[in-house]
Structure formats: structure tokens, C-alpha cells
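Trainee: Provided herewith is a single structure, encoded as C-alpha cells, for subsequent inquiry.
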Amino acid sequence: MGLSTRDILDMGSLSRKDISLVLDTARSMKEISLRPVKKVPTLRGKTVVSFFYEPSTRTKVSFDVAAKRLSADSISLSVATSSMTKGETLLDTVKNLERMSPDVVVIRHSSAGVPHMLARHVSVPVINAGDGMHAHPSQALLDMMTVQEKKGRIEGLRLAIIGDIARSRVARSNVEGFLKMGASVVLAAPPTMIPVGVETFGADVTHNVDEAIAGADVIMMLRIQKERAAAFLFSTVREYARTYGLTANRLKNAKKDVLIMHPGPVNRGVEIAPEVADGPYSVILDQVENGVAVRMALFYLVMGGQRDAGD
């Protein structure tokens, strides 16, 4: 049995069964990355076209590596060298490229809703690699994979997300995903970084970081999204780090088996101290590693795969 949806647009488009299928498939995919030859012919003859309208390191490279590990051809379109610089719309660009018969489109865009718009107008699967402040489903899935891998479960755990919640698509997707899989979530941030309508998220909210940390099984730190804010939302960076940053001293109040996560890029010394980011509780690099496995699973499943692709 495959996914119940053609497109991966947000966590709302995935059922609990879909999420479990992705995570189970990703575990099989991770084994491929541990082999001496990290490649299988599963998607040979398939083509992935990627559009990244925002800067990206981990996500862009991860999708590219994922496609190539499954033997798919991966083509990344540079906006700067495309006809969009001549006035062509994104929709026209994609519809023209669709006639070249790609098998899946991956898109990151600064405007919320763009992947949904494309999905309505093209006949191939669309994977959202992040749209504005709205959603980042593959990030939430890799985060859930990492927690499940380290804790053996997601259900019943407590996730604390600390930082710029208002402007974070990662926060929104993780809240929805973890709640759907039976975890509880607490959001901690200054009032200027809590979104309007947060009461609809289904998560607890506090402005006290130490309170959020104390009961958490998993702590996810978020950077300040300066590129999405009209002005800095705290008095000074130093004051923000002192009040909301995760330090070794603050971590003493956490559970002894707590996991520390960060979607990256990390601003060391601001939202998280270097010794915490590099410390024994950190699974930040595990998240990066699992990102490849999750995106391999997504490519495989949206192209019609049912489960095991390890051969």
C-alpha cells in the first residue's frame, strides 16, 4: 500500500499511516547510504527537477543526493539563469518543463502556497521543500525519524520548540507532525516571536524557556528568522541569547536523556551555545543524515513505490 496523496505539500496532507510509511521506508533507505556503493537502480530512468527560489544548503543538497542514490537524474534550475529573469512566470516555466516529462518537481519558494498552486496545475508529483513561513514537510519527517530512531517511539513524548516560532515553517510542520503521531508540544518564545492564532496549533505556549526545557524529552532550537522580519524582534542579540538561548547551564534542568535538535543553519552563541550544539545530547548531524533517507523515501513513494526499495 502506498501513500494516500500524490503530492507532499504539508503535514496536513499526510495521514498518520502516510507518516509511518515514510518513516518505515526511510529506515530501509538509510541502509543504502551505509553501503560501500551508495546507489541502487530503483529510480533509473526517472527525472527530478528542482526549483530553489531561496538560499539552501542542507535541503537542496539532500534532495539532490537522495535522487542520485536511487539512480534518478536530478536537474536543479537556477532562477538567475532561467527565462524568469526575462519576465516568464513560475507557472509558465513549470508547465513548459512539464512537457519535457519530468517525474517529480521539488520546489522551495519564499511565498507561502506556491507548491499548492503548482500542484493544481501540473500532472506530476510536487514536493514542497519549504514555502515561506508555511510548511517544510520533509524537515518535520526527518526530525520525527531522528526522534523515533533515538527514543524508539514518538507517541507520549514531549517536544519543546524554542525560538522564532512566528516565522518558522519548521515549527509549524513539526507541531502538526508530532501531534499527529501522539506526542505533545510546547512552544517557548518571546511574545514578538509567537504567531497570531497560536491557540489553533494544539500546542502549549510559554514565555519561560526553563519551564519548557524541564519537562521536555526533545528540545528543538530555532534561529531568529531575520530575513522574514521587518525589524529585529528583541532588544539585542546578546539579550536574546541570555534569555532564550540554550546553554550548558540551562541544560542542567533538562531530562538526563534529552535530545537537542536544530534544523539549521545554527547561529552559535545566539539560540544555542557551541558546547551544547556539539555536546552529547545533540542529534543535529543525525538530522542531516536522516534527511537524505527521508527524501529518498519520498521520491520512491511519490513515484509509485509501495515499501522496500533496498535492492
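Even glycines carry a Cβ here, placed using N, Cα and C.
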Trainee: According to Swiss-Prot, R58, T59, H136, Q139, G264, P265 bind carbamoyl phosphate; identify which of R27, R108, R167, R238 is listed for that same site.
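Mentor: Between R27, R108, R167, R238, Swiss-Prot records just one in the carbamoyl phosphate site with R58, T59, H136, Q139, G264, P265, namely R108.
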Trainee: If you count other C-beta atoms within 10 angstroms, which of the binding-site residues G264, P265 is the most crowded?
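Mentor: That would be G264, with the most Cβ atoms nearby.
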Trainee: Within 8 Å of the Cβ centre of R58, T59, R108, H136, Q139, G264, P265, which other residues of the chain have their Cβ, at the recorded carbamoyl phosphate site?
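Mentor: Leaving out the recorded residues gives S56, T57, A129, G130, V170, P263.
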Trainee: From the Cα of R223 (L-aspartate binding site) across to the Cα of Q139 (carbamoyl phosphate binding site), what is the distance in angstrom?
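Mentor: Computed Cα spacing between Q139 (carbamoyl phosphate binding site) and R223 (L-aspartate binding site) is 15 Å.
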Trainee: Rank the binding-site residues R58, R108, H136, R169, R223 by the number of other Cβ atoms within 10 Å of each Cβ and report the first-ranked residue.
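Mentor: Top count of Cβ atoms within 10 Å goes to H136.
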Trainee: State the three-class DSSP label for R169 (L-aspartate binding site), counting H, G and I as helix, E and B as strand, and everything else as coil.
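Mentor: R169 (L-aspartate binding site) sits in a helix per DSSP.
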Trainee: Taking the Cβ of Q139 (carbamoyl phosphate binding site) as the centre, count every other Cβ atom within 10 Å, in any protein chain shown.
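Mentor: Other Cβ atoms found within 10 Å: 24.
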